[in-house]
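Written out below as structure tokens is the structure these notes cover.
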Amino acid sequence: MGEEEGGHSPNPNSKVTWEGCSVLLDINGGDRLVFARLSPAASLKIGDKKCSLQPLVGCPFGSLFQVETGPKGAHLVLVSSPASSSPGMTEGMDPQEKNDGKLKGDEKDNRALIDDNRAQNLTGEDIDAMRRCGASGDEIIEALISNSSTFEKKTVFSQEKYKLKKQKKYAPKVLLRRPFTRSICEAYFKKYPSRIGFLRVDTLSLLLSMANVGAYSDVLVVDMVGGILTGAVAERLGGTGYVCCTYPGSAPYSIDIVRMFNFSSEICSRIVQTSSSSLLSAQDGDDEDDSSSDPPSNKDNGSMISSDEQSKKSTTDGSPVPVPTSVVNAPPTKKSVNPGMPASPDAIKLWKRRGFSSLIVAAPDMDAWSMVDELLPLLSYSSPFAFYHQYLQPLATCMHRLQTEKKAVALQVSESWLREYQVLPSRTHPHMQMSGSGGYILSGTRIFDS
Amino acid sequence: MLSADQEKQNSFQRRICEGDLVIVYERHDAMKPVTVRAGSELQNRFGVFKHSDWIGMPFGCKVLSNKGSFVYLLAPTPQLWTLVLSHRTQILYIADISFVVSFLEVVPGCVVLESGTGSGSLTTSLARAVAPFGHVYTFDFHEQRAASAREDFERNGLTRFITVSVRDTQGEGFPEEFCGKADSVFLDLPQPWLAVPSSGKMLKPDGVLCSFSPCIEQVQRSCEALTTNFTDVRTFEVLLRTYEVRDVKFGSLGGDGSGGAVRKPPCKRKNRPSSDEENNGSMERSTSTVMAKPCPETRGHTGFLTFARLRCS
């Protein structure tokens with residue numbers, strides 16, 4: 001299935017993978033996040049072993065796999081119950097150990113532990129020998145535990161930690177995830193925050209809410225954050241309305257991250273690009289009869305795309321997968337619609353006449369005010385906008401000018417604060433490390449300036 | 001909201017019509033929803049506004065009262081609705097709402113179950129996220145509250161996307177007809193752990209659940225209940241910090257030797273345009289800078305958000 005679609009999901013909300021689909025692989029409970037495309041030849045290096053991704057095709061998202069070393073080398077095996085996989089959760093513990101949130105073994109502490117590197121009796125050679133004899137990862141872990149002179153003295157919690165550490169090394173687990181805005185943004189923010197302009201997932205979610213992105217919206221976007229914003233908007237539109245990515249000058253920005261989403265051709269066709277100068281210079285259609293002309297959306301799917309023009313992509317197909325992996329990518333099949341085709345002149349004219357229904361700008365390298373000044377007139381009256389910036393000052397200046405020039409109301413500069421918690425019986429507390437900043441947002445609503 | 005009809009969508013051509021819901025904007029913290037009726041009037045501290053004056057005006061326009069004061073008329077959005085709705089219960093605000101919608105992976109076409117409906121603040125945003133093909137089924141055990149929420153959704157034109165039912169989901173669970181049909185489930189209940197087993201039945205494999213609880217003890221019990229069928233259990237707290245932006249003028253030392261600089265108090269943007277320099281020539285060499293600082297009063301806690309995924313068996 002999906003062959004003629006070239007990697008586009010046959011069902012936009014499919015719960016099962018298909019050949020050519022984009023997946024997010026979570027290795028060892030978030031230690032490593034890798035985007036991959038499930039092409040027949042795709043493989044992934046985990047630890048020092050290369051595993052084919054073929055076993056993942058046709059599996060439900062959420063499936064858990066474990067690396068097993070067999071006679072033909074390492075391969076991924078579906079784990080039937082991922083019960084003991086969640087790090088730090090109570091599910092790995094014996095039930096009798098958690099009564100009313102109190103743990104037996106609470107009286108233990110670390111007074112008897114001496115850090116002299118002599119606790120483990122098994123040597124590296126012993127482990128290699130076990131492996132050669134075909135021992136599974138789980139068997140090696142058992143052996144390590146029974147040969148540890150300190151394991152019994154550890155608290156239950158640190159025994160858990162020890163097991164988990166060994167499991168990660170000797171029996172790595174791979175969780176199959178469907179890439180959504182949430183997971184893509186989280187993965188980038190964790191590994192390559194600069195590629196998405198340090199835009200954290202909670203901030204991105206706020207941008208979408210504040211700009212009122214929903215079905216049938218025509219959203220004007222300046223995406224200098226790799227395409228995460230464009231993808232997030234397109235995901236919310238679900239094949240209705242349009243995401244119009246605009247850019248100053250002649251070359252569009254890369255929106256490669258859009259390819260991580262499993263967008264249908266329908267959704268891809270709703271992502272178009274055009275230069276800000278062509279938007280601004282478009283002939284104003286004010287003289288035309290408003291009601292008679294055909295609306296662009298909801299009628300003719302392909303009408304907004306000038307199909308003769310090839311998408312001028314600013315980047316090559318070199319490394320669309322951002323996280324370094326050994327995954328081989330299937331080239332996009334010819335029949336699929338590429339996201340980011342140039343917007344048709346008719347569409348531009350129509351937007352000029354009706355105005356966009358939202359405006360979102362994430363342009364860390366541009367002067368915020370000049371963007372606002374130029375693009376705000378393209379936004380219809382009473383429509384909301386949201387500008388993202390990694391720094392506070394440009395947004396403050398921008399807000400001040402918008403107030404002075406009375407172009408907008410409900411102006412607000414805000415910052416989202418996000419804290420994750422460890423929740424465990426008797427050991428609940430915020431995470432020791434957290435992100436200190438997810439960026440700032442200036443939001444507001446354009447008013448009618450007669 | 002969310003109309004497929006071009007006439008009802010925001011555009012330069014759109015005009016306020018009889019029966020439209022408008023958000024009357026006085027200030028960022030003073031807004032009111034009003035349904036436009038030709039014979040009606042709006043009275044507030046600025047005077048009397050005749051609805052008939054509004055009809056035919058564009059959304060986003062400024063309208064005058066009999067005393068010459070003005071307000072703006074805005075088109076409703078889920079975000080504005082959250083700010084103006086009548087609080088029949090404690091509600092979710094935009095930071096939590098946005099995060100919940102993203103983390104529940106709600107996209108057009110999804111089926112979402114929610115309990116309780118409360119004042120419908122989150123429901124309105126969920127509807128925006130599932131439109132145009134999906135649906136939100138929301139449950140509240142309070143009959144009157146469910147009825148009021150239903151009226152609100154009607155007023156906002158969202159009935160195509162939302163069904164409100166009266167049900168005690170803590171006691172009875174969700175209706176069997178939704179078994180294995182929900183993409184996401186949202187719980188805002190005093191004892192969410194009681195609804196966790198039923199939520200697990202309703203969700204499709206790998207579906208996401210979110211539970212919102214103000215107290216950590218609730219979170220603790222919910223997380224314990226989640227260990228049986230769920231994986232990827234994560235708890236967050238999300239808050240919005242807003243900033244005050246002002247044009248601050250500083251005097252500087254060594255101006256004209258008239259005894260140092262005069263430090264004027266920072267002027268509040270709203271009251272004064274940039275006319276200070278012209279009117280007040282006596283001000284020593286002052287420099288003015290736009291600066292931002294966090295608002296002194298802020299919400300310190302809303303609730304903990306616990307997310308979990310139904311385990312694939």
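Cβ coordinates are placed from backbone N, Cα and C, and glycine is handled just like the others.
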Of B:ASP188, B:ASP206, residue recorded by TrEMBL at the S-adenosyl-L-methionine site of B:SER119, B:GLY120, B:SER121, B:LEU122, B:ASP140, B:ASP168: B:ASP188
Where the record names B:SER119, B:GLY120, B:SER121, B:LEU122, B:ASP140, B:ASP168, B:ASP188 as binding S-adenosyl-L-methionine, the maximum Cα to Cα distance in Å: 19
Sequence-distant neighbours of B:GLY120 (S-adenosyl-L-methionine binding site) in its chain (C-beta under 8 A, six or more apart): B:LEU85, B:THR138, B:ALA149, B:ASP152, B:PHE153
Cβ atoms near B:ASP168 (S-adenosyl-L-methionine binding site) (within 10 Å, other residues, all chains): 16
Residues satisfying Cβ distance under 8 Å from B:ASP140 (S-adenosyl-L-methionine binding site), sequence separation of at least 6: B:SER115, B:GLY116, B:THR117, B:GLY118, B:ALA146, B:ALA149, B:VAL164, B:SER165, B:VAL166, B:ARG167
